[in-house]
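First comes the structure, then the notes that go with it.
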Amino acid sequence: SGPWSWCDPATGYKVSALTGCRAMVKLQCVGSQVPEAVLRDCCQQLADINNERCRCGDLSSMLRSVYQELGVREGKEVLPGCRKEVMKLTAASVPEVCKVPIPNPSGDGAGVCYWAAYPDV
């Protein structure tokens, strides 16, 4: 139950892998140019998540899987030249970059995922 229950994998919700966003976030974090095709794939994958309330959760899951894949510990570099905090903020801003709506208090449609403000993501 609760407002986010429809985004919970335990209830059968399939979390999007967001492979395009995964590539985009890694490239942006190390300061590389993001190819237009990668940006387009990421934005399309995010837009394809029908429930806009689940988009930030799926980005957060994608980020955790990147950390796990790379064996990242708190405060460490995720990739050479890319710190964990930078990657988190980069991932959180994907909805704004893509102009894909997410629920946010300012009500302007796009925005940054709220979890960017929390240290444990």
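In case you wondered, yes, glycine gets a Cβ from its N, Cα and C as well.
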TrEMBL annotation, disulfide partner of Cys43 among Cys98, Cys113: Cys98
Disulfide-bonded cysteine for Cys82 as listed in TrEMBL, from Cys29, Cys42, Cys113: Cys29
Per TrEMBL, the disulfide partner of Cys42, chosen from Cys7, Cys21, Cys113: Cys21
Distance, Cys29 (disulfide bond) to Cys42 (disulfide bond) (CA atoms, angstrom): 15
Count of other CB atoms lying within 10 Å of the CB belonging to Cys29 (disulfide bond): 22
